[in-house]
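Novice: Got a structure for you, written out below as structure tokens; questions coming shortly.
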């Protein structure tokens, strides 16, 4: 999408809503750095209601590097965020991925629960761990899950419930 078109869309919304700020994302996409097998994307011009907009649809796991973030000169309530698409050979992305994998050990749904905890999404983490608890194959797993439920309750300020979960973990 052309920058002027995007900016005009945002400006219209800002005029009607004085209590918000607008953000336009300016993306740099080097076709030689992306592979449709790793970072699938689609040009959706022909499917769009506005075919001249040159719209691109990316998968949810597409990663962009955040560059410059600046307020526009024309409007103090409009910001520009410059993004550059990354690829699988990006050394910083590989380092970050390795660090996250090391920090959030475990496998499958347990790893997802730990990631939710780390992100502060306690409600979702609690739902996940309660589901895991119902399907836990053995006492060792149940004890581990109760420990994580205790952590979640503690973060939510539910200290008595946290103690109860920790006690159940120790009893098992």
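Numbering starts at 1 and runs along the chain as displayed.
Using the three backbone atoms N, Cα and C, a Cβ is placed for every residue, glycine included.
Heads up, TrEMBL stuff is auto-annotated, nobody curated it.
Taken from TrEMBL, the feature repeat 'TPR' covers 106-139.
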Novice: Summarise the repeat 'TPR' (106-139) by DSSP state, stating how many residues are helix, strand and coil.
Specialist: 26 helix, 0 strand, 8 coil
Novice: Need one number: mean pLDDT over the repeat 'TPR' (106-139).
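Specialist: Average per-residue pLDDT within the repeat 'TPR' (106-139): 90.
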